[in-house]
Amino acid sequence: MADYTLPELPYDYAALEPFISGVIMELHHSKHHQAYVTGANAALAALAEARESDNLASVNKFEKDLSFNLGGHINHSIFWTNLAPATGARPEGELAAAITDSFGSFEKFQAHFTAVAMGVQGSGWAVLAWDSLGQRPIIVQFFDQQSNLPAGLIPLLMLDVWEHAYYLDYKNVRADYVAAFWKIVNWSNVSDRLAVAAAQTAGLLLLP
Ligand code: MN
C-alpha cells in the first residue's frame, strides 16, 4: 500500500492574490498540509507496528492521530481544488438547482455557510457536503479536522477557518477572509464533486 503524498496545487501559490497571499498559500500547503500527510502515514505505521508486536496498548492515541491527520489531509486536498483565481462565476446547472432546493436560494445558502464559518469556535471548517442518506447537500461545521462529522457525508465545498489559513493576511478579522473566499470559489469543481457524489451514492444502504 502506498503512503499518502502531498498533492500538487492546481495553480501557483500567488494565483489567488489579492484574496489569499502567496506567502500563506506556500506555508499552508508545503508546511501545514505536509504535516497532516506525514502524521497520517506515521499513525498508520504505528498501528501496523502495534498489530505486528501484539502491543495494542496505545491504540487509542494512534486512532486519534489517524483521524485528525487523515482528516487534515483530505480536507486540504479538497479545499485547494475548491479554489481558483477569481472569475465572478456563480453555481450553474444541477449544483444551482440543488442549492436552491436545499437552502431556498443562492443568497440564503451563502448567508448560512458564512454564518457557519464565522461561528466555528476555535479551529475548524465550514463544509457543504453531500448527505448520502438524504441525497441532498447540507452544511456542517467540523471542529479541528474531523469532529462533529456525521457518517456518510461527501465534502463538496470546504472553507478552512483555522487561523493559520488567514492570520497573516487578515489578522483576527475572519469576516474579511470569508468574504474574500466567495470571490475565489471554483464552482465548476463543486459541480463536478456534486455530480460524482450523487451518482455514486444513489441507493447506498446506510440504514437497514
Ligand atoms: Mn489549514
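The backbone N, Cα and C atoms fix where each Cβ goes, and this holds for glycine too.
According to TrEMBL, the domain 'Manganese/iron superoxide dismutase N-terminal' annotation covers 3-84. What TrEMBL lists as Mn(2+) binding site is His28, His76, Asp160, His164. According to TrEMBL, the domain 'Manganese/iron superoxide dismutase C-terminal' annotation covers 91-193.
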Which of His76, His164, the listed binding-site residues, has fewest other Cβ atoms within 10 Å: His164
DSSP-derived structure type at Asp160 (Mn(2+) binding site), helix or strand or else coil: strand
Arithmetic mean of per-residue pLDDT over the domain 'Manganese/iron superoxide dismutase C-terminal' (91-193): 97
Secondary structure content, the domain 'Manganese/iron superoxide dismutase N-terminal' (3-84) (per DSSP, counts of residues): 59 helix, 1 strand, 22 coil
Extra residues within 8 Å (Cβ to Cβ centroid of His28, His76, Asp160, His164), Mn(2+): His29, His32, His33, Phe79, Trp162, Ala165
The domain 'Manganese/iron superoxide dismutase C-terminal' (91-193): DSSP-derived helix, strand, coil residue counts: 47 helix, 26 strand, 30 coil
Other C-beta atoms that fall within 10 angstroms of the C-beta of Asp160 (Mn(2+) binding site): 26
